[in-house]
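According to TrEMBL:
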- Asp40, Leu41, Asn42, His79, Leu80, Gly81, Arg82: substrate binding site (BINDING)
- Arg56, Arg142, Arg175: (2R)-3-phosphoglycerate binding site (BINDING)
- Lys226, Gly270, Glu301, Gly330, Gly331, Asp332, Ser333: ATP binding site (BINDING)
Amino acid sequence: MRQASRVQRASAVTVRAVKVSVGDLKKADLEGKRVFVRADLNVPMDKAGNVTDDTRIRAAIPTLKYLLDNGAKVLLTSHLGRPKGENKEEDKKKYSLKPVVARLSELLGKPVTLVDDCIGPQVESAVGALHNGDVALLENVRFYKQEEKNDADFAKALAANADLYVNDAFGTAHRAHASTEGVTKFLKPSVAGFLLQKELDYLDGAIKAPKKPFVAIVGGSKVSTKITVVESLMEAADKVIIGGGMIFTFYKARGLKTVSIDAIPDGWMGLDIGPDSVKLFQDALAGAKTVVWNGPMGVFEMPKFAAGTVAIANTMAGLTGEGCITIIGGGDSVAAAEQAGVADKISHISTGGGASLELLEGKVLPGVAALDEKSA
C-alpha cells in the first residue's frame with residue numbers, strides 16, 4: 001500500500017512510500033550505533049585508476065553526512081565493476097574501491113578508512129576502532145560470489161558488525177543481492193537513504209501521481225528491452241514518444257520497413273532522428289507538466305548523429321523552466337544531458353539505469369520491498 005500525494009510545485013512529484021527513511025531516525029536512534037550503509041559507488045575510472053565521474057559518490061553524501069552528524073559509526077559498502085569473485089587478489093588489482101577513498105574523504109570533510117575486506121576479522125577490528133561520527137569503507141562486496149547469489153550466510157556475515165541498515169544504492173535496488181536484500185533479515189531497522197527515497201519520489205511518483213499532461217519519451221536501440229516499459233507508460237502517460245533505433249521495429253510492424261533504394265542508399269543506416277521528427281516531438285511535448293525520458297534518439301556518442309538527442313535534451317531543459325517536472329532515467333539519456341550541457345536544468349536525473357526501467361515498468365524493487373514499513 002502507498003499513500004500518494006501530488007506536490008504543487010514544479011520541482012518534484014512525490015509518492016510517499018510507506019517505508020521508513022533515514023530521516024525518520026533521530027540522534028537518539030543513531031548515536032553510537034554501527035550503521036551498515038549500502039551505497040552505489042560504482043564509478044567510472046580511467047586506466048590509471050582515477051575517478052572520471054564522481055556523480056554517484058556525490059549522490060551518497062547527504063545520507064552519510066546525516067548519519068555521521070548524528071554520531072553514528074558508518075560501515076559503508078558498495079560494488080565496483082564486475083569482478084569474477086574467484087581470486088580476490090586478482091580482482092583487487094582492477095576493482096578495488098581504493099580510488100574512491102580520496103574523493104569520498106574530500107566530500108565528507110573527514111578521513112575515510114578503507115578496510116581490506118567486507119566480512120570477517122578485519123572488519124570487526126576496524127569497526128572496533130571507530131569513534132562516533134567515523135566512517136570505514138569496506139572493500140568491494142562482489143569480491144565474493146555469494147553477494148550476487150544472495151547467500152544467507154554471507155548476508156549474516158555482512159551484518160555481523162552492525163546494528164541497523166540503510167540502503168542508499170538505487171542503482172542496485174532492483175537486484176536481490178546479499179547487501180541489498182539479504183542483510184535486512186539480520187538488521188533492524190532497515191531503512192531507505194535520502195537518495196533512494198528521492199529516486200522513488202520522482203520515478204514512482206511520475207507513474208503513480210504525475211502532474212498532467214504526462215509525456216513519456218522512450219528511445220534506444222533495442223525494442224526488446226523497452227517493450228514492457230512502453231506498455232506500462234501507455235497506461236499512465238497522455239502521450240508516448242518513440243525514438244532511436246527501436247523505431248524501425250514499429251515501422252516494420254506498420255508495413256514500412258522496406259523503402260526504395262534511392263530513399264536510403266545501399267549500406268546506409270538510420271542513426272538519428274531528423275529535423276522533422278524533432279519538430280514533431282517538440283510539438284507533442286508542448287504544454288507538458290511531467291516528462292520522463294529514457295533512451296537516446298540516435299547514436300549520440302558520434303557528433304554527426306547527436307543532433308536529435310541534444311535537441312530533445314534542450315527541449316526538456318526549456319520545459320523545466322516553464323514549470324514542467326522533467327525526469328531522465330537511464331545511463332545513455334543521462335550522458336546525453338551531460339553532453340548537451342543541460343543536466344543542471346533537469347528536475348531529476350536518476351542514478352540507476354536498470355532500477356529506473358523497472359520502476360517505469362511498474363515493478364517492485366527487491367531492495368526497496370525488503371525495507372521496513374512505517375507503522376500505520
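Here the Cβ of each residue, glycine as well, is placed from N, Cα and C on the backbone.
Features recorded in TrEMBL, as mapped to the structure shown.
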residue	record	Cβ contacts under 8 Å, 6 or more apart
Leu41	substrate binding site	Arg56, Ile57, Ala60, Ser78, Leu80, Leu97, Val100, Leu104
His79	substrate binding site	Asp40, Asn42, Asn140, Val141, Arg142, Glu147, Thr172, Ser179
Gly81	substrate binding site	Asn42, Lys94, Tyr95, Asn140, Arg142
Arg82	substrate binding site	Tyr95, Arg142
Arg175	(2R)-3-phosphoglycerate binding site	Glu148, Glu181, Gly354, Pro366, Gly367
Glu301	ATP binding site	none
Asp332	ATP binding site	Gly220, Gly295, Pro296, Phe300
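Residue density at Leu80 (substrate binding site): 24 other Cβ atoms are found within 10 A of its Cβ, drawing on all protein chains shown. Residues Asp40, Asn42, Ser78, His79, Leu80, Val141, Ala169, Gly171, Thr172, His177 surround the recorded (2R)-3-phosphoglycerate site, their Cβ atoms falling within 8 Å of the Cβ centroid of Arg56, Arg142, Arg175, which are themselves excluded. Contacts of Ser333 (ATP binding site) defined by a Cβ separation under 8 A and a same-chain sequence distance of 6+ are given as Gly219, Trp293, Asn294, Gly295, Pro296, in order along the sequence. Each of Val43, Ser78, Tyr95, Asn140, Arg142 belongs to the same chain as Asp40, Leu41, Asn42, His79, Leu80, Gly81, Arg82, is absent from that list, and has a C-beta within 8 angstroms of the C-beta centroid marking the substrate site.
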